[in-house]
Amino acid sequence: MPYRIGIDLGSLNIRICTSKKALVVDEPSVVAIDVSKQKVVAVGKEAKSMLGRTPEGLMAAHPLCDGVIASFKTTKQMLQIYFAQILGRLRLLKPDVVVNIPVGATSTEKKAVIDVIEAVGGKKAYLFKSPLAAALGAGIDISSSSGNMVIDVGGGKTEIAVISLGDIVSFSSVRYGGKKFDEAIADYVRKKHSLVIGEQTAEQVKIEIGSAMPLKKELKMEVSGSNTVSGLPESLILETQDVVNAIKPVINEIILSVKQVLQRTPPELSSDIMDRGMVIVGGAGNLRNFDELLTKVTGVPCQMAENPDGCTIAGIKLAVDHFDDFSSSFIWRSK
């Protein structure tokens, strides 16, 4: 089997597999940059720990935004570090690379991914539409003529897709994902409680006590930040209802897109979806009761994939291992 690499290039996390190993990199998509030299000095968890804490001369940032490359240079430097770790003494080896791409990506955004893969030593880049990869990783037979619907809630965006015969029949893409949840929570806390909290704190609130619907028993969490009036450190207790209120506008945008895709789906495939239900994938899809809320508002059964956060890289791994079986679902450019 030719040596291949698979990459889940996400706004919040990057995961890499190879034809030999299921997962060799699982890190936050964050880089720390030496501003004066414009050079990446740390990546992943180390760089993420610097968010909001960097001294003068260093900057921590996300090189990807809304599922696509925001900074070609820093994305390239980040991938060079990971490729060096993976290939080691085999750095002269030029592997084929399967990498996910948002289904709504523009031709310019697709070209940027191809170019960066080739720039870091990839022989050829094969682009795999994210909803197809995630559906495959969730155990869905994407080659089937039956209709399947996935709701891929990523860090930077949410893509809703109806899949049949190895491709996407109808879809909607909105720039609302896990990061928007975090921003909404931070904004809500600032406006209602006059407290400024950091990006990582908002993310922890979402994970620890977040829910798409009110809970019978409220979860609580203490958070600390800076008072907007005095500027002094302050703490307060947040409850699940605070998160429900904060993220409601973001949830509503996703629900609207789900309904639009359902309305555009051909009747034959709609019948399949009613029978099989919708499947939530993606890291931000872990939100409590999101599947229950979607079932309630659409009337279509909805369930969360067994490991929503790992579906995309699992699907990419299958594509890497069974390359010829899924080649018709790739978009690629030969050198």
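These residue numbers are counts, starting from 1, taken along the chain as shown.
Just so it is clear, glycine is given a Cβ too, placed from its N, Cα and C backbone atoms.
Feature annotation from TrEMBL assigns ATP binding site to E203, Q204, V205, K206. Taking all protein chains in view, 17 other C-beta atoms sit within 10 angstroms of the C-beta of Q204 (ATP binding site).
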V205 (ATP binding site), number of other Cβ atoms within 10 Å: 24
Non-site residues, in chain order, whose CB comes within 8 A of the mean position of the CB atoms of E203, Q204, V205, K206 at ATP: D182, I185, Q200, T201, A202, I207, E208, G210
Sequence-distant neighbours of K206 (ATP binding site) in its chain (C-beta under 8 A, six or more apart): G178, F181, D182, I185, V243, I247, L287
Packing count at E203 (ATP binding site) (other Cβ atoms within 10 Å of its Cβ): 21
